[in-house]
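For reference, TrEMBL has these:
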| type | residues | note |
| --- | --- | --- |
| REPEAT | 195-228 | repeat 'WD' |
| REPEAT | 238-272 | repeat 'WD' |
| DOMAIN | 281-352 | domain 'FYVE-type' |
| REPEAT | 362-395 | repeat 'WD' |
């Protein structure tokens, strides 16, 4: 009698809904229009396009506008239908979209920067337009008068910008790997503090105002969760990407972080767990397990007549150890290590199967992502790739 074959349950994954193509160059920024089957895109091919889904199921441009230079970034406010577009020339062009999204009317132009605009962010509550550029300046304008209210010189050009309306704090991530917090007033700003945790440049920022947590992504492949509200200086590392982190979005209703990287990876992180800080790496001239000298410890090498060893560090306890005492590898998901990392032999014995339970799921967008946008009202995710294609995903199977 033949055995009955039970179908294996399929792993939950994002569902590809649509592709939008026909671009001549890479799409710098694109957003999903809430409450509409629509997308707004700005591209290096100098075009601003509004795409609406037709009865055929295909997206067609209802607005197709060509600018004088490359469009580098964008901010869209659905309540006012105000579209702010950063340009390669340093200016920011503002438009208003009609209610049916079939017409776009120029509203204002800001001469904001001396070089390429890298990030633009419109804050409706303050009527402020925040922006950063490759001229290393962070500026904010009054969107009602068009006047510049202030400027701040950053250490390097900025690639990430977020704003907290309640405290008027601007979070600025730059190419040096630093995150700067500025307190903005109507016509001046003050430096609150700076964070330095990345070894590469900051490529993305995401602010969750309810938990008062800031996420930063970097070219060093890592994400750091900075607990701003806790006021204890807690910083949690998340290691789940093999390439540069390109985008971060937080789904506050499910307490999940969505991240994407340049190799096309999309990772969904469960942030509704108690995570642990990674330990500081300890300094030592000899292995803190077997006491064998490291190769620079000439005195102990001479006294003990032993060859010096190379230094490593256990990712769980932070101790300086030799290769023999740290021959094991393990995932430590609650410390953010979703991939196997070096641990000392004693820590490896202490890690249980429960400790190794993953807190993230991994998915492949099948294109090299340059930008990402998540729309919580629909549960849809947008990715833009170097292949000049926009992909729309249904994330409800994995973000729920």
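Glycine is no exception: its Cβ is also placed from the backbone N, Cα and C atoms.
Caution: TrEMBL annotation is automatic and unverified by curators.
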Positions whose Cβ lies under 8 angstroms from the repeat 'WD' (238-272), at least six residues beyond its ends: 14, 200, 203-208, 210-211, 215-219, 221-225, 336-339, 341, 359-374, 376, 381, 383, 385, 395, 398-400
Secondary structure composition of the repeat 'WD' (362-395) [DSSP: H/G/I, E/B, coil]: 0 helix, 21 strand, 13 coil
Non-local residues, at least 6 beyond the ends, that sit with Cβ under 8 Å of the repeat 'WD' (195-228): 156, 159-166, 171, 173-181, 234-250, 252, 255, 257, 259, 261, 269, 271, 275, 336
Residue numbers, six or more beyond the limits of the repeat 'WD' (362-395), whose CB comes under 8 Å of its CB atoms: 13-21, 23-32, 34-35, 39, 41, 240, 246-249, 251-253, 258, 260-268, 338
